[in-house]
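Asks: As annotated by TrEMBL, transmembrane segment applies to 6-26, 38-57, 63-81, 102-125, 188-209, 221-240, 260-281, 333-350, 370-386, 393-410, 430-447, 456-476.
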């Protein structure tokens, strides 16, 4: 209960803090969601700058901890000073009016959290093992000697050969401060509250972007109903299998929307384009302030994930080209064409990546056959009837972004910035999300053109919200697993990870405290818990940061220069063979493995004693069983020679 109470209070205060910060740096005329976004970006920029420098110089994590605390204190003073000097009303509307305008943004976030918790099998699998990096990093950074050169999943120090792009990512670093400060369970903090917070940020981005488009038209809309446009987020919460089979939408790694929204990269992947354009879409001219703001936003997005680079490039170039095209000066219209020509020339010089080009094109062509995308295309085509300059600019920006991603030679620069195929595919995901959102904003405008729209618009969106929520749950139940079973598992494991894993982590931490040497542990890479495969080897350090999980090497590898540089999946297979079939040969192979590597701890998924391990010098440190999860563990230890 402590985890849930303290996390609720923390994120509530964080939202208020960002809103107040945004309120003293942008005009009071802007909406509350927009001011919240601005506060978030400003704070994230300051945190990113300090975090990047500290990581590049490989300084102490505690230095960043102090930097974060001082930043918060300084900004609180700044908020008080600015609000008094400029006589800024931080809370110009009452609670009743606030809830009337924005309550739905919170409800959507809550619904999405509930939907995400249905995916117990993906959570138990730790998001295809990716949590072994992101979650472990958040949980372990404060407790390890070399936080910025240690592999978060294995606990082994890595030798850095060349530039490591993760060194400029500060999302997990920032969250590690909050988890450490609050002393909350990292899985509750991230999988429930941080995911919910990012859903809320997404909803606010949609609100702020929609508001700017709506105000550019002559259509009269109630400010109280703009919030309902965010209901489209529920569509992205449909099961990925369901969306593809039913030909709704196909995007790269769509499962991350449900179970990995807490990743800092998810901010880039879902709202990267919106969070850039929302600040400039109304502007007719590009000012020095705009350029500085783009730099600030770019730093923030890259600090979340370097997958932001291609998204920043195509979005900024598209905005620049469109802005020049809409300028009254003929010279700037020519300049917009010159920019695209220069990109093509650069593309010819640097060359492209045929595989990435084909992948991105196939994703686009596949979506072009789906009903949702076809419908959105029709809506966007009809949106030109609004005769709004802002809408025309948005539509043209979306077209040029697609041009920069899809056109041969022109897209070479996009491909080079992507580096990897999955990065380019995720940029395509960002585009498709934005494409659907823009179309849904136009749907809202079309509804408001009807004579009786004021009476029907709220019921329409509430019914749509209910239907989208039910379909999201239905899509899981029919394409992934049994809904009630999943919720029962979550109820029985309220830490949003098997209770047995937390218990095992605590026991291993006790062992690390009791002995005077590093714990190098091997165990099965995965075990069956609650009827689901649980990838325990890659996640155990979230609850035992003092140990080294050698069995996580199979997923996260290891660099040269340490005792386990040659450890491979074949070595791990020797332990697996010993567990499943303890023949004389398999026992001998395990013995050779233990002679080759300094392994002093073995965890077996059974409460029964293993006589062979006793024979070769191991003792059972402790053992326990989780009856509810149908799993047992026995921890064996022997001192290294």
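Cβ coordinates come from backbone N, Cα and C, glycine included.
Each of the listed features needs to be described in terms of its position in the shown structure.
Replies: Taking Cβ pairs closer than 8 Å, the transmembrane segment (38-57) reaches residues 17-23, 25-26, 30, 63-64, 67-68, 71, 75, 148, 167-168, 170, 173-174, 201, 275, 296-297, 299-300, 302-304 in its own chain, all 6 or more past its ends.
Distant neighbours of the transmembrane segment (63-81): 17, 20-21, 23-24, 43, 46-47, 50-51, 54, 90, 142, 173-174, 177, 180-181; these residues of the same chain sit at least 6 beyond its ends, with a Cβ under 8 Å from one of its Cβ atoms.
Counting residues 6+ beyond its ends, the transmembrane segment (102-125) has Cβ neighbours under 8 Å at 32-33, 191-192, 195-197, 199-200, 203-204, 207, 227-228, 230-231, 233-234, 237, 255, 258-259, 261, 465, 469, 472-473, 476, 480-481, 483, 485-487, 489-490, 496-498, 529-530, 532-535 in the same chain.
Beyond the transmembrane segment (260-281), the same-chain residues lying 6 or more positions past its ends with a Cβ under 8 Å from any Cβ of the stretch are 34, 37, 41, 112, 116, 127, 130-131, 134, 169, 171-172, 190-191, 194-195, 198-199, 201-202, 205-206, 208-209, 212-213, 236, 253, 290, 293-294, 297, 301, 303-305, 307-308, 311-312, 315-316, 319, 390, 393-394, 397, 401, 426, 429-431, 433-434, 437.
When Cβ-Cβ distances below 8 Å are used as the criterion, the transmembrane segment (333-350) is approached by residues 317, 320-322, 324-325, 327, 404, 409-413, 416 of the same chain, each at least six residues removed from its ends.
Tertiary neighbourhood of the transmembrane segment (393-410): same-chain residues 213, 273, 277, 281, 313-315, 317-319, 321-323, 325-326, 340, 343-344, 347-348, 352, 357, 360-361, 364, 380, 383-384, 424, 427-428, 431, 434-435, 438, selected by CB-CB distance under 8 Å and a gap of 6+ residues from either end.
Outside the transmembrane segment (430-447), and at least 6 residues removed from its termini, the chain residues within Cβ reach (under 8 Å) are 206, 209-210, 213-214, 217, 219, 221, 225-226, 228-229, 232, 235-236, 249, 251, 268-274, 311, 367, 372-373, 375-377, 379-380, 382-383, 386, 391, 394-395, 398, 401-402, 405, 453, 456-457, 460.
Taking Cβ pairs closer than 8 Å, the transmembrane segment (456-476) reaches residues 108, 111, 115, 118-119, 222, 225, 228, 231, 234-235, 237-239, 241-243, 447-448, 450, 483, 486 in its own chain, all 6 or more past its ends.
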Asks: With CB pairs under 8 Å as the measure, which of the listed stretches 6-26, 188-209, 370-386 comes out on top against the transmembrane segment (221-240)?
Replies: 188-209
Asks: In the same chain, which residue numbers or ranges, 6 or more beyond the ends of the transmembrane segment (370-386), come under 8 angstroms Cβ to Cβ?
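Replies: That would be 217, 219, 235, 247-250, 392, 395, 398, 432, 435-436, 438-439, 442-443, 445-446.
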